[in-house]
Amino acid sequence: MDATSGLFFEIYSMDDPPAQKTTASSSSGEEDFTVFLMELLIKLLLLFLTALKTTQGSDSCNEVKHGHGYPYLHEASSFSQAEEEGFDYIIVGGGTSGCPLAATLSRNYSVLVLERGGSPYGNPNISHMQNFHIGLSDTSPSAPSQPFISTDGVINTRARVLGGGTCINAGFYTRASQRYVKTVGWDAKLVNESYPWVEQRIVHWPEVAPWQAALRDGLLEAGVAPFNGYTYNHLYGTKIGGIIFDKDGFRHTAADLLAAGNNDNLKVLLHATVERIIFERRGNNVYWRRRRPTAVGVEFKDNSGKRHRALLNGGRQSEVILSAGAIGSPQLLQLSGVGPRKELKKLGIPVVIDNLHVGKGMADNPLNSIFMPTKKPVRQSLIQTVGITHPGVFIEASSGFSQSPNSIKCHHGIMSAEIGQLSTIPPGQRSLEAVQKYKREIKKNLPKEAFQGGFILEKISGPLSHGGLRLVNGDVHTPPVVTFNYFSHPEDLQRCVYGVRSIERVVQTKRFADLTVNDAYTMEALLNMSVQANVNLIPKHTNDTASVEQFCRDTVTTIWHYHGGCHIGKVVDGEYRVIGAARLRVVDGSTFNKSPGTNPQATVMMMGRYMGVKILRKRLGRAAGV
C-alpha cells in the first residue's frame, strides 16, 4: 500500500494553516480462568502476528547507532554502578511525559532515564505514517507495542519504546480545555508556556486529506458547528488539529524532546526494565518505624538479564519519578509494596505503604467505529479533523489502510477482521487454526468494498464507567489484569448512542454522498458490516444492530486513552508526590481522572515539561532559566 496511491478525489481547498500557533489554550476459579484465557490469547496473537511480513515495513527494530546524534542514549548493559555517584533524579519510563520531564530537569541536575524498550530511531514502522498499522501489529519481543487484553475482551496495547505512546499512536495533537486546566489546579500561565515548548519542537499542521475534508464538511452540515479552523485549542464545534507527522509523513515523537536537555547531565538507558523501587526508613531513634519510607533508588534488569541498582545521590531534594504510564506506574508501585495490603500480602510482596487506591479507578475512553465503503480508493489518513460536541462525544475519522489487493490478504493486528472473528468462536475453540480458516475461507471472499474506504469514529470523553488493575504475581514481566468496565454506567451508553446517531447524520450529508457508496447501503447495513469486521473479543449477538445500544456494547474498542490508577488526592498529592512516601512522585496519565482534550498526548507532554519547570523553580527560584 502506497501512502499516495488512490488519490482520485479533488483536494478540498482551505485557507493556508497558520505558520505558528500563538493563542493560548485558555479469587476465584473464574478469575484464574480469565488470566489463563488472556495469556492464551496473547500467545496466540504472538504466534500469528510475528509471521507478518509486508513490503511496507519491518517487524524488526533497526536500533540507532548510539553516540552519533544521541550521546545520551546507552544500552542498559553498559551501566556500571561502580562508576556512578548517584543521580539527582531517576525517571522510570522514557515515554510521553518522561522525555520532556528529563530534558527539563537535566538543564540543571543529573538525570537518569530508565526505558524498558528500545530506540524509535531507525525503525520505519514507527517513523513512517503509512506503516502505522504495521507497527501496531508487530508484537515480537523487541517491538515498540506490547499487546494486552482487558477482561472486558478489548484488545489494547502498551508502548514499549523510548518516546512511549507518541511512537505508536495516530499522531493527533490538541490541548486540554481551559476548564480542564482549572479543574486539575494547574498554573494556567505555566501551562501556556509549556505547550508551545512542545509544539515548537515536534508539532506540525496537516495537509488535509480528502477523507478528513469530507468529515469536516459533513460535520458542519450535520450541525457540529462552528468551524474553528486550524487550532490546538479545545473548542466546541469542528476543527483541524495539529499532528506529529511532518509534510513527508515522518513521525516526530516525545523522544525528540530529549535533544533540548543538557547532554552532560542526561543519561538514558534503553532495555532497562525496572523491577522495584528501593525504599529505606531514615533515622536511628526508637520512632524510626513512624518515619515515611524514602525512595533511594531502583532495581532494574538489563537486556542480558543482569540486575543493577541505580541510586539517588543523597541530595535532600533528589527523587525517583515514575513516568511509566497508566499501566506501568500503578503496577510498579504495587510491585514495590505500595498498594492494597491484602492484595500484596496474598502475592508475597512486603507491604511498604498500605494504600487501597493504587490501581483503582482506571478508565478508558470507549471507541466505536462505522466503516464507510467508497466508490474509489481513498488516500491514507489518520486523525486530522475532529467534531467536539457538548455531550462529550468526539467524532473523528481515518482512511485508506486496506485498499490494495495485498493489503486485503494482510493481517492488520488490532485493526484486522480475523481477530474480530475470534469473538464469534467459543473460548475453548479459539485457536490459530480457526483464525487461519477464517482468513482462508471467508476473508478472501469479502467484497472489495469492505477493504476500500474509511472509518468514522465516535469516542466518549470522561467515561463514568471505571475499573482497575491488579497484579497476577510479583514479576514485572507478567502483565497485570486490567478491567475498564466499558458502558457499565448507563450515561456512557446514552452518549455512545448519541455519537452513532451523529455519525448517521454525517454520512447522509451531500459531501459524503459524493465520496461513498452509502446510497447502496442502509445505516443498518453499515452497522452490520462494522460488526463483522470489529476487532475485540466480546461475543456478538444475532441482533447486535437491532438496537444502537447493543451495537455500542458489542463493537467497543479502545483508542488507547486509558488513564487513572494513581489519582490525585488518593495516591499522589497535588504536587504528584506519592502519599506516605518521601522522594517519590508519579508524573503521567495515571494521575488523570479524565483524559484531556480529544487526544491526551499534547497534555501529557506538556505535563512533563510543566512539572520539570515547577521542580526547578522550587529548587532554584522562579528566575530559573528554563
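Using the three backbone atoms N, Cα and C, a Cβ is placed for every residue, glycine included.
Any TrEMBL annotation is an automated prediction that lacks curation.
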In TrEMBL, Cys496 is paired in a disulfide bond with which of Cys552, Cys566?
Cys552
At the Cα level, what's the spacing in Å between Gly589 (FAD binding site) and Cys552 (disulfide bond), rounded?
26
Determine, to the nearest whole angstrom, how far the Cα atom of Val161 (FAD binding site) is from the Cα atom of Cys552 (disulfide bond).
32
Mind computing the max CA-CA distance among Thr96, Ser97, Glu115, Arg116, Val161, Val274, Trp560, His561, Gly589, Pro600, Gln601, which the record assigns to FAD binding, rounded to whole Å?
25
Compute the average pLDDT of the predicted model within the domain 'Glucose-methanol-choline oxidoreductase N-terminal' (325-339).
98
The domain 'Glucose-methanol-choline oxidoreductase N-terminal' (325-339), counted residue by residue under DSSP: helix, strand, coil:
11 helix, 2 strand, 2 coil
Among the binding-site residues listed here (Thr96, Gln601), identify the one with the smallest other-Cβ count within 10 Å.
Gln601
